[in-house]
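Notes for the one structure printed next.
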Amino acid sequence: ALEPLSVGLAIGVASALTGYLSHPRFYCNYVECCPSAGQRLNATALKAQLDTKLFGQHLAKDVVLKAVMGFSNNPSPKKPLTLSLHGWAGTGKNFLSQILAEHVHRAGLRSKFVHLFLATLHFPHHDQLKLYKEQLQNWIRGNVSACPHSIFIFDEMDKMHPGLIDAIKPFLDYYEQVDGVSYRKAIFIFLSNAGGDLINKAALDFWTSGKSREEIQLKDLEPMLSVGVFNNKNSGLWHSSLIDRNLIDYFVPFLPLEHKHVKMCVRAEMIARGYAVDEKIVQAVADEMTFFPKEQKIYSDKGCKTVQAKLDIHEDA
């Protein structure tokens, strides 16, 4: 028979051990947890990531950094943070979304609290619009219930059925709760090529007038961009109530990339692969890219999108 003292000691140790193992700090080291209410983003780390990995996008970096940090530091936001990122392919929209996701949830796009929707994959059939709306609402409702700090990224907005995105309007509005759930701490990000032509034209106008691209401010592009997207049938936000009700906090323009930015992308990719940076190869890859307008050849027509594939050809070198 066990002595009462031994039994009591064993029970005490087991209770203490159980309590320690179930403590949130210990548990969340091994299992992903939703960020706590008091958790704040590291502004310095986020800025450093954007500065070293996102090239040629002074506007996007500045707007998103200020918007996200202001939202993160607000203990009681009135609505979810909603960003709409616009520009041609390869300019960094997906990259910025990925960096942001990693700073809110350590696992980034692999996190169970970060949800990526692709129009052509998740909403391929236009005759299923009603079903998609129901599924989208249920998915968002369920995941925000599990984690108020959920992130929802909608890629290929320009390929999305007009009217589908309006299904989430109640979640983006200034409601304290919808059906008992608060969406005010969630982040919604829309990615679209729509409006890219308008942005490119504005950038070219600045270049033609002899101004630096760094002189372009948000006020120079955002009003034109929101109107252009609202009136574009292929934007995913055509006549959307999200724009009509001013529920999108920022329309973020991504500028076309110049030769120097393409070279930055090549150098970054070489470093990521563990190579020493060879400027001859950097120049060779940049020379293989195509640029527009036809006469001036200032901007890469694919941004940095094909840099990885083109660098593969130079692997042996």
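Keep in mind that glycine also has a Cβ here, set from the backbone N, Cα and C atoms.
Because TrEMBL annotations are produced automatically, they should be read as predictions rather than curated entries.
For Gly90 (ATP binding site), other Cβ atoms within 10 Å of its Cβ number 22. Positions annotated as ATP binding site by TrEMBL: Gly87, Trp88, Ala89, Gly90, Thr91, Gly92, Lys93, Asn94.
Look at TrEMBL and you will find 257-312 tagged as domain 'Torsin-1A C-terminal'.
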Let's check the environment of Asn94 (ATP binding site): how many other CB atoms sit within 10 Å of its CB?
18
Please list, in sequence order, every residue of the chain apart from Gly87, Trp88, Ala89, Gly90, Thr91, Gly92, Lys93, Asn94 whose Cβ lies within 8 Å of the Cβ centroid of the ATP site.
Phe95, Asn193, Phe254, Gly303, Lys305
Out of the binding-site residues Trp88, Ala89, Thr91, Gly92, the residue with the smallest number of other Cβ atoms within 10 Å is Ala89
Taking the Cβ of Lys93 (ATP binding site) as the centre, count every other Cβ atom within 10 Å, in any protein chain shown.
27
